[in-house]
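J.: Quick one: structure below, then a few questions.
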Amino acid sequence: ASYTDSSDDEVSPREKQQTNSKGSSNFCVKNIKQAEFGRREIEIAEQDMSALISLRKRAQGEKPLAGAKIVGCTHITAQTAVLIETLCALGAQCRWSACNIYSTQNEVAAALAEAGVAVFAWKGESEDDFWWCIDRCVNVDGWQANMILDDGGDLTHWVYKKYPNIFKKIRGIVEESVTGVHRLYQLSKAGKLCVPAMNVNDSVTKQKFDNLYCCRESILDGLKRTTDVMFGGKQVVVCGYGEVGKGCCAALKALGAIVYVTEIDPICALQACMDGFRVVKLSEVIRQVDVVITCTGNKNVVTREHLDRMKNSCIVCNMGHSNTEIDVTSLRTPELTWERVRSQVDHVIWPDGKRVVLLAEGRLLNLSCSTVPTFVLSITATTQALALIELYNAPEGRYKQDVYLLPKKMDEYVASLHLPSFDAHLTELTDDQAKYLGLNKNGPFKPNYY
C-alpha cells in the first residue's frame, strides 16, 4: 500500500520547499505530509525484525557507533528504515539516498525526514535526480562521512570520481550487492581501493537467506502485481543459477512453470540439472519462452538480438541489482514504440505489432514493483549493522586496504538472534564432542570459506 497525492505528482521534489515539524529542511522527499503513513509502515516492519530491534536495545547504551557519520545508498523501504534508525540509535549520524530510482517508498522516506534523517530520495527519480541525491548526501559543508554503506557501488563510485579526498577520513565501506562487491574487487585488483571494505553479499547470512528465500517469494509477487500472468504451463528462462536464480526457479517450478536455466559456471549448471532444470543457451529457447528473468549481476545478458527474436507478449524482467543485465538502451530507437500500460510496465512495440512486456525498465523487479519479506531483510540488515560496527571500531591495522568477509562468528551471531522467532533451540556440544571436532563450544562452527 502507498499513499499518494495526485495533485503533487507533477512537481519535482527538487523544486519544492519542504520542512518537517521541527523546522528542518535538510532532506528532499516526494511529500513530507506522507510521514505519518510512513511511520506506520516502519512500525509494522519492526514487528517482524525483532532481532535487529534486539541488537538496537542491547547496544543502545554502549553507543558503538558514537561519532560515526554514515553516508548510505540503499533501497529506501520500511525495512531499511528500521536499519537506518537502528544506526542512529547506536550513535551514528546518517545521510541517505536510494540505490534504485524506482524502489523508494515515498511515505517511508517522508517518515525518515520527519524523524530528522537527512534523506534524499523519491520513487521515479530521473538519472540526473539519482546522482544529485547522492551528491547531496556526500557534498555537505561542515559534515564529512567516515563510513559508507552501499548497495550496488554507485555511492562508492561517486565518491572516488568526485570527492576522492573524503577517503582520508573514511574508516570503511560496507557493500551489500554482488554488483557493488564486483566493483570493489576491481578497485582492489587495480590497487585503487584505499580503505577496508566489508563484503556483506557473500556472507552466509546474505547468500543463504536474503538471496535465496527473499527472491523465492518476491519474484512471484512482482510478476503477479505487474502482469496478472498465470504461470502453470508457461515456459520461463532464468539467466543465472546463483542463490537468487535458485530461489526464482524453485518458486516458478512450484507453480507448474516449465523452467530453463542459463549458466556460465559448470558447478551451478550441474546444480540446476540435479534440481531438475534443463540448462540451455539463451539463443536456443528465446523464440519459445513466455518469460525471461535475469539474475546474474552481469551486463548485456539479454541483448537487442534476443529481444528481436522474442515471441509476442514475452515478459522480460531483472532480479539482479543493476539495470545493465537487459540491454534496455538498445530499445530506445525510432522504429520502436514505448507504451506505458501500468506503473513500471512498458510495452515495447515493434513495427510488425509484436510487443515485449518490459518490467521496471530492466531494474530490480521485486523492490520496484512489489515488496519483499520483512523477516529475511532483518537478517541482512543485522549483518550490515554488525559490519559497520566492526569496521568502525576495529583497531588500526586489523583491516588493510582490501575486501573482507564478515567473520563467521558474527554470521552465526546474526543467525542466533533470529532463531527465537521460530522457537528454535540449539543443541550444545559437550566438552568431549567439541574436542573431537576441534571446535570451540561457542563457535564459530563453520570454516571461513563456507
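Cβ atoms here come from the backbone N, Cα and C positions, even for glycine.
Keep in mind that this is a model prediction, so the values were computed, not measured.
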J.: Kindly point out which candidate in Asp48, Asp151, Asp154 is recorded by TrEMBL as part of the substrate site with Thr77, Glu176, Lys206, Asp210.
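T.: It is Asp151, as the record lists it for that site.
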J.: Find, among the binding-site residues listed as Gly242, Gly247, Glu263, Asn366, the one whose Cβ has the highest number of other Cβ atoms within 10 Å in the structure shown.
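T.: Buried the deepest by this measure is Asn366.
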J.: Only counting partners 6 or more residues apart, tell me which same-chain residues put their Cβ under 8 Å from the Cβ of Val244 (NAD(+) binding site).
T.: Asn211, Leu212, Cys215, Cys295, Met319, Gly320
